[in-house]
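Heads up, here are the entries from TrEMBL:
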- 65-246: domain 'Malic enzyme N-terminal' (DOMAIN)
- 88: active site, proton donor (ACT_SITE)
- 142, 401, 445: (S)-malate binding site (BINDING)
- 160: active site, proton acceptor (ACT_SITE)
- 231, 232, 255: divalent metal cation binding site (BINDING)
- 256-514: domain 'Malic enzyme NAD-binding' (DOMAIN)
Ligand SMILES: NC(=O)C1=CN([C@@H]2O[C@H](COP(=O)(O)OP(=O)(O)OC[C@H]3O[C@@H](n4cnc5c(N)ncnc54)[C@H](OP(=O)(O)O)[C@@H]3O)[C@@H](O)[C@H]2O)C=CC1
Ligand SMILES: CC(=O)C(=O)O
Ligand SMILES: [Mg+2]
């Protein structure tokens, strides 16, 4: 008898060659007599809920997705609000930090700096070349707010793509998680014997850019219908590579554009409520950003359209926005500034640096305070109370991820404002009963945007992703609240409606792509909105 040894990675790769399938049914006698699908779904949930730690739940769900993808996605859709904190933020942050320790099976493509000059052959080893439609690409250099995790960033690409599949019905075998290994500057990983990446410091930007040029070109050749989502690149590289490739390939940066869109959407809904409470016009809002990295500046740029849609000029819109970085309020005469901070540098202040948040709040008198700083607890009780003293209904969005890095908790925001706060955070917080009334935190996370934005861009076969498509995704989300959600004071729809919302967003995105002339699927232009929505919904994969 010959024993054929299969390489350890072959199951995963074999599975990738097929549309997602449940595991084959064993022959009679080799399966328990009453193995029923619906009961098995209940069994999987009981096994999942039986795990004590969130990271164990994450590992359980990864194994379930590997073993039985339709069951995983069926349950993900059915239990979205229970699954997202596990497969996505906050637990995915821990999964990244422990990736090298918990690694079990391959999932996605690793392209390392050592592959420079032969990236083509690495990409072409992917088994489903012709089916590829969306790739989330990270270099692991700024994973959530957790810093440089090197190759341990892979789970963020995997997690985002799971949300594309569950939330927008992208076919599982059309998705490619990619982690670029350009080294890491985190000594702990370089010293870790289990670390799965190259044991070298990050390469200089010039070398990285040569690598990125080759990578993006070979991606476009290997996967001609692919949309690329850049994820969690450090701020300097996030802006650099978005600008470098955005007119050449279908690509967007989730942290700059996806976050900008999701926060604009929540802000539109919050600003309406805040202005109703204060009696002040929408154009009078002033927004203070605590954090001026890719996310802070990306959101600030997108929020400009809130004011321009109100009829203000670009200059007037810019004057409503203030940014703070680690040196305090950003103003032109403070000294040399990183390029991405220059546009929003204040020219109406030229005194000594103001570094204390309370002093800045009293100087700016903002109606909205946004946190994108990775500074846990930076919105102190005093800062929250100052916002409440300035506004009958302040807008406070601590958006840093994961939960442990949030600038404040929902509970603190509720206490500090006596329950009168319009709140959204990057990671989820539980609802709170305050003085007999249920209060619901919003989750201002780009997870509401990228599935629908990606779906629209893929269906329209876009050659690039225009600013107007990103703005359309935001307005589509802002307008998606139901009467019931509005009555509860929600700023974002419940996550259980993600498929419906993604379909609506995709329609808006396709229309914007058509107006911008970047759509290649031009047959869709003649469809009515209702026909287009039916077409989009009909293209969604169902587990
Ligand atoms: N909710 C969501 O959907 C999203 C949330 N995020 C979150 O946003 C956060 C920031 O991401 P990103 O912009 O890429 O990260 P960066 O590290 O590039 O930016 C952080 C910014 O915060 C500033 N900062 C740091 N410490 C302080 C301090 N003590 N006081 C004031 N400012 C400070 C930094 O200042 P300096 O410039 O001087 O260093 C920098 O401007 C992350 O936690 C990420 O998870 C990101 C994308 C989406
Ligand atoms: C949500 C997200 O993209 C981030 O925190 O980086
Ligand atoms: Mg991100």
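Cβ coordinates are placed from backbone N, Cα and C, and glycine is handled just like the others.
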Out of the recorded positions listed (88, 231, 232, 255, 445), which are within 10 Å of residue 160 (active site, proton acceptor), Cα to Cα?
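Qualifying among 88, 231, 232, 255, 445: 88, 231.
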Taking just the CA atoms, what is the gap between residue 445 ((S)-malate binding site) and residue 255 (divalent metal cation binding site) in Å?
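Residue 255 (divalent metal cation binding site) has its Cα 10 Å from the Cα of residue 445 ((S)-malate binding site).
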Calculate the distance in Å between the alpha carbons (Cα) of residue 142 ((S)-malate binding site) and the residue listed as 'active site, proton donor', and round it to a whole number.
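That comes out at 16 Å between the alpha carbons.
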I need the CA-to-CA distance for residue 401 ((S)-malate binding site) versus residue 255 (divalent metal cation binding site), whole Å please.
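Their Cα atoms are separated by 12 Å.
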Cα-Cα separation of residue 255 (divalent metal cation binding site) and the residue listed as 'active site, proton donor', in Å?
15
At a 10 Å cut-off from the C-beta of residue 255 (divalent metal cation binding site), count the other C-beta atoms across all protein chains.
24
Quick one: mean pLDDT on the domain 'Malic enzyme NAD-binding' (256-514)?
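Within the domain 'Malic enzyme NAD-binding' (256-514), the model's average pLDDT equals 97.
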Cβ distance under 8 Å to residue 232 (divalent metal cation binding site), same chain, sequence separation 6 or more: which residues?
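Residues satisfying the criterion: 138, 139, 140, 141, 142, 143, 144, 153, 156, 255.
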